[in-house]
Amino acid sequence: MLKFIQNNREITALLAVVLLFVLPGFLDRQYLSVQTLTMVYSSAQILILLAMGATLVMLTRNIDVSVGSITGMCAVLLGMLLNAGYSLPVACVATLLLGLLAGFFNGVLVAWLKIPAIVATLGTLGLYRGIMLLWTGGKWIEGLPAELKQLSAPLLFGVSAIGWLTIILVAFMAWLLAKTAFGRSFYVTGDNLQGARQLGVRTEAIRIVAFSLNGCMAALAGIVFASQIGFIPNQTGTGLEMKAIAACVLGGISLLGGSGAIIGAVLGAWFLTQIDSVLVLLRIPAWWNDFIAGMVLLAVLVFDGRLRCALERNLRRQKYARFMMPPPPVKPASSGKKREAA
């Protein structure tokens, strides 16, 4: 049972999402509706995209804490290009390229220059945030064209065009990681770096690709953010990196690398977003959101740690069971033999 839970964490994440959807329905029947699902999904799109990118990095046994700054920087570039008169497709492509380059730079620092990921991305977190503020002068970007907002307008079944694009990306990335040799390279790199090199996996290239795609996902999240609210504050993206990592951990992506599924990260992002909607239903002030999400994350980390310890004890017990078996009891000599000896 313990091994099943450990190997199928996305199932437990799905159960948590279902429970968090059903239980509030006892307080308000209107909460149990398709409208609620589409509303939560619309709010979760940014975090889902960031969790997808973070999954790739975490599978290679690294971590990126600069994605929030990349999201803000890319959103600012998008707004500046649109206000300068560039078309929406050109602005979006330039934004995605900027995110890709920012992620590539992170990957170079980690894979080629051998700087620990947490240190490298802490540095670029400040760098990208500084670039964002230099471009804007600390001001908000407003007056974005109406065509940008159309990207987040309901299109089919209450889901926007960018929402359908997110669904397609989730399906493609799930297939890529589960069914292709290239996707499995991320798992191998994170699970056993030296073993992966001996198998011929280009581990440095895989890690750079992971960081680059992570940056691209952050740029796409910046586009979604700008299209949803119609303006870009000077603190866009602040704190999103921690939520993305939390979503991955909640969905079963291991901080030690080499295990987890993209669906689990998506469910973790959905769960964190759904907490916000439940708090609104319960009329709990918004400043409780981060506190409750943090408590949930700590509970999951404690549970995950205890589960790993229990599995390791069980494996050790099975491995050494034959050495720990008590010796067979010695049969006492029969009374007849005792008389003959006498």
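Note: Cβ is positioned from N, Cα and C throughout, glycine not excepted.
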Same-side membrane placement of Thr12 and Glu241 in Swiss-Prot: no
Considering the transmembrane segment (155-175), which listed stretch of 70-90, 93-113, 213-233, 252-272 counts the most C-beta pairs under 8 Å: 252-272
Top Cβ-contact partner of the transmembrane segment (213-233) among 14-34, 70-90, 115-135, 284-304 (pairs under 8 Å): 70-90
Residues in the topological domain 'Cytoplasmic' (35-38) grouped by DSSP into helix, strand and remaining coil: 4 helix, 0 strand, 0 coil
Composition by DSSP (helix, strand, coil) of residues within the topological domain 'Cytoplasmic' (234-251): 11 helix, 0 strand, 7 coil
The transmembrane segment (252-272) vs the transmembrane segment (93-113): 3 or more CB pairs under 8 Å: no
